[in-house]
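A.B. asks: Got a structure for you, written out below as structure tokens; questions coming shortly.
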Amino acid sequence: MFQTLYSYFWWERLWLPANLTWADLEDRDGRVYAKASDLYITLPLAFLFLVVRHLFETYVATPLAGLLNVKEKVRLKATPNAVLEKFYAATTKHPKQADVEMLSKKSGCTVRQVERWFRRRRNQDRPSLLKKFREASWRFTFYLIAFIAGMAVIVDKPWFYDLREVWKGYPIQSMLPSQYWYYMIELSFYWSLLFSIASDVKRKDFKEQIIHHVATIILISFSWFANYIRAGTLIMALHDSSDYLLESAKMFNYAGWRNTCNNIFIVFAAVFIVPRLVILPFWIMHCTVFYPLDLYPAFFGYYFFNFMMVVLQSLHIFWAYLIIRMAQKFITGKVVEDERSDREETDNSEEEEEAAAAKNGPLSNGHPVLNNNHRKTD
């Protein structure tokens, strides 16, 4: 059964145009072609990326955060309460008013104290500023290096200037060593992002991020199998062109450099929107949808590749909407923030407590914690 499924999966009509077979893509006469087995190396490389990331965040990003004076916000801890903790863990982190009143009776706390407890408990689960800075630093470093390397790989190629060259001689197109490593490193990095997504900072577009990583992995892998390498390198370089700007804006935002963050964000918005909403659909996707039909009839691989491109383009439109919302805030003079981020929850009384905590140490219900560890009841 496994052999039957394997044969169906690698059926030539799924991956290659009519009248072509896998034998046509066997290495010969000094010409080297992409092979599915090449991608096995990306999984161990992905785990290597996770190790390198840990070392980078520990020995580079953390000291850098100290130099940029990235400070943690003082967070007041929720007083241990078994009744409220059970409801928080098993039911919801955002209780309705009826639930708050019910919990007030069960726990012996006032309604106000229950609301404050849930607010503090949610804040405890939110990622720290240092964690956000470290993640942004890692992604900034990779995306910047990947963009520079990607441009070095494709800038001297004829298909960078004439998109019809992308399909010249397809699929009998020999693979270059630079293209091989560009693909392996990019795919390995996205595997590492998928592996670490559960432990990374979770934002409001968490599901969209998963879809993006999966779609990117599928698209890169498929383009390798079907020898869509020229188109693939163009698409990867285009995506890397703006990501490092977003991560650098986040870094300066976490460091409190508001003006620098806002200025970088404006550049990022332009670099994101123009390549992904103009160049990608009207140049690159036009190239992948129409030019191949001049050479061979449409086949399953052609439809599948372009379907995955549509999925990515839909995500770009979603993120462009968030970027435009942030741009509106910038234009109206409001502080630019990541629309996808969870914000700290405070009210006036708690802000006063947090200010006092930063000055005098931890508080309990507005009173300093005594040295003998006795607390006033919250």
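Yeah, the Cβs are placed from backbone N, Cα and C, and that goes for glycine too.
Computed from a predicted structure; not experimentally measured.
The annotation transmembrane segment is assigned in TrEMBL to 39-56, 140-160, 210-229, 264-284, 304-324. Look at TrEMBL and you will find 131-332 tagged as domain 'TLC'. Per TrEMBL, region 'Disordered' is recorded for 337-378. Look at TrEMBL and you will find 344-355 tagged as compositional bias 'Acidic residues'.
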A.B. asks: Same chain only, please: residues at least 6 beyond the ends of the transmembrane segment (210-229) with a C-beta under 8 Å from a C-beta of the stretch. Say none if there are none.
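C.D. replies: Distal contacts: 15-16, 25, 33-34, 36, 38-39, 170-171, 173, 175, 179, 183, 186-187, 190-191, 193-194, 197, 235-236, 288, 301, 304-305, 308-309, 311-312, 315.
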A.B. asks: List, by number or range, the same-chain residues at least 6 past the transmembrane segment (304-324) whose CB is under 8 A from its CB atoms?
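C.D. replies: Counting only partners 6 or more residues beyond its ends, the transmembrane segment (304-324) has Cβ contacts under 8 Å with 205, 208, 211-212, 215-216, 218-219, 222-223, 226, 228, 235, 268-269, 272-273, 276-277, 280-281, 284-285, 288-289, 339-340.
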A.B. asks: Tell me, roughly as an integer, the mean pLDDT over the domain 'TLC' (131-332).
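C.D. replies: Mean model confidence (pLDDT) across the domain 'TLC' (131-332) is 90.
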